[in-house]
Amino acid sequence: MTEALSADHITKVFGGLTAVDDVSLHVNEKELVALIGPNGAGKTTFFNCLTGVAPATSGVVKIGGQEVKKNTKAYKVAQMGISRTFQNIRLFSQLSVLENILIAMTNQFKEGFLTSVFRLPSFYKTEDEMEEKAIALLKDFNLQDVMYYPAGDLPYGTQRKVEIVRALATKPKIICLDEPAAGMNPEETADLTRLIKRLQTEYGIAVLLIEHDMSLVMNLAERIYVLAEGKLLAKGTPEEIQNNQAVIDAYLGGGVDA
Amino acid sequence: MKKNLKYNLCWLVLMVAGFYLINTLMLTGVINTFIENMLVTIGINIILAVGLNLIIGFSGQFSLGHAGFMALGAYATGIMTQTMNSAGGFYLSILVGVVISIIVALIVGIPTLRLHGDYFAIATMGAAEIIRIVINNMKITNGAAGLFNIPQFATWDIVYIFVCLTTIVTVNFIHSKNGRAVISIRENEIAAEAMGVNTTKWKLSAFVLGAATAAIAGSLYASYLQTIVPSSFGIMESITILIYAVLGGLGSITGTFVATILLGVLDTALQSLGVLRMVFYAIALIVIMIFRPGGLFGKWEFSFKHLLTRKQNGDMAEVEKEESK
C-alpha cells in the first residue's frame, strides 16, 4: 500500500525548547489515523511542520511519496496534496460559504488576468464550471441552504463542517483535522464522526486527526499515535493504546507509584 | 455568458447616458468651467481611490504611498508631452507612466509586502517620499519649481472614459477567481495559504494594479492642470485619497464613487467660505465616521443583477437558489 503521508524523524526546536522531538509517523492511503496526547504535547506544532506553516528543524516529510523540500512555502505544500482545518476556526468569515469553497478550488482552474478583466467567453465558462462543482460539493454535505450566507454568521457546528468541506475542495490526498470536535455537543460530534468517515469511504482521502474526544477517536481511528512532551510515546491500534500503561500514566499523571 | 449580457448592457447604457448627460449640460451652459474643473478633479480622484481601495479594502494591505505612484504618471506625461506635443505622445506617456509605476511597485512591493499592517503602511509611505524627493532633486523634472505649460490633452471626456476603463478593469479583476484569491488574503492569510493560495503573488498583483491606475490618474492630472510641482504629491495627497476610500467603505467600489463625488462637491460648495471650509469638511468627516464606522456603504456593492432579480422574484436568495438548480 502506498503512503499518503510520511514524516521521518521530525524535530522542531523553538529557541531552547524542543517542541517536537524525533517523531516519525505515516498515514497510508485512505487510512484514518489519530494523533492524541495531553495539552502542550506538541500535536499542533507537529501539524504545522507537516503543512509547512512552521517548517521542521530537521526531518523529512513526504506527501503522496513526494518529498517536501526544505523551505517550501506553505501554499506550495498545500498544492502538493495536504489540506487542513484549524483548532480555532479560520474561515473567510465575511465571504459566503460558496465563495469559501471557490477559493479552495483556486488551483484546479486556470483563468488568465486578461480573460477575467475583459470578460472573454472562456471566463464565464470556467466560472460556471467552478460554481457547478462547488455547489455539487456543498449539496453532497447538505450545505446548499446556507451557501449564500456569510460563513462567519453560521452556527459553530456548521462552521466546522464548512471548514472541513473547504479543505476537501482543494482535492487533497490527505486532510489534517485539528480538534474538529472541540466545543461540540454529543449530537454534533456524532454528525461529525459520520462526516469524517465519509471523507475516507466516499472520497478515498486519508485523514490525520488531532482530537481530545476519546469516543470519537476510538470510533474512527484505525491506528493511533500518542505524543507526550514532544516525544512519540506509543503507537498502535485503539485497543493497544487503551491498554498501554505509559499512555494511561501520561494522561492521568501517574508514574509516582509506577 | 448570455445571462450576464443583460447586466453588462445595463452598465454600458449607464456609462453612455452619463456621458451624454454631462455633454448636454455642457453645451447648454449649465456646467461652466468652474463645475467642469470640479468634475474632472472628482474623476481623477475616483481613479485614485478605486485603486487604493483595491489595495486596502480588498487585499487588506494598508498602503500610504498612493501619491508616489500618481507622481510617476504625472511626471512621465509632463516631461514627455513637452517634446512630443501630440495626442499620440500623450497616450504614449500614459503608457510609459504605467510601466514605470509597475516596475517601481514591484521593487517596493516584493520586499515590503511580507510586512503587515502598520509596518507596510510606513514602508509604502517611505517609498512615496523617496519618489517625491528624487523628483524634487532632478534636473529633468525641474526640481521643486515643477513643470508648467504642459500641453492639455486630458479634457473632461478623456477623463470620463479613463474613469470607466480603470473601474471596469478593477471590478472585473475583483469579481474573478484571482480577485477571490486576493480577498481571501484580507479575510485570513493563514487559511488562504493552507488552501494553496499564493499569497505573496496575489498581494503583489493587487498592489501593482492599484499603482498602475494611480499612474494613469497622475497623467490625466498633469495634462489637465498643465502645472505640476513635487509638493502636490506628498503624504497629504495620499491621506486625501485614503479618506475617499475609507469614507465610502473599504471593500466597496460603489462607496468609493459616492464618497469621492460627495466630498468633491462639498469641497467646491464650501469654497466660498474660505478658511472655514476645512472646518466644515472635517466636521462632515467626523459625523460620517461616527454614524457609519464601516464607511458609507461598508462592503455593499450596487449590482444590476441583484436589483433586477429582486424586482422579479422578491427574494434574492430564492432566485439564486433557483438558478443553481
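Cβ coordinates are placed from backbone N, Cα and C, and glycine is handled just like the others.
Remember, TrEMBL labels are computer predictions, not curated facts.
Residues annotated as transmembrane segment in TrEMBL: B:9-31, B:90-110, B:155-174, B:204-222, B:242-266, B:278-298.
In this chain, the transmembrane segment (B:204-222) lies out of contact with the transmembrane segment (B:9-31); the count of Cβ pairs under 8 Å, excluding pairs fewer than 6 apart in sequence, is fewer than 3. The transmembrane segment (B:155-174) shares the most Cβ pairs under 8 Å with B:204-222, out of the stretches B:90-110, B:204-222, B:242-266. Remote same-chain partners of the transmembrane segment (B:242-266), defined as residues 6 or more beyond its termini with a Cβ less than 8 Å from a stretch Cβ, comprise 38, 41-42, 45-46, 48-50, 52-53, 56-58, 64, 66, 167, 170-171, 174, 186, 280-281, 284-285, 288-289, 292, 294-302.
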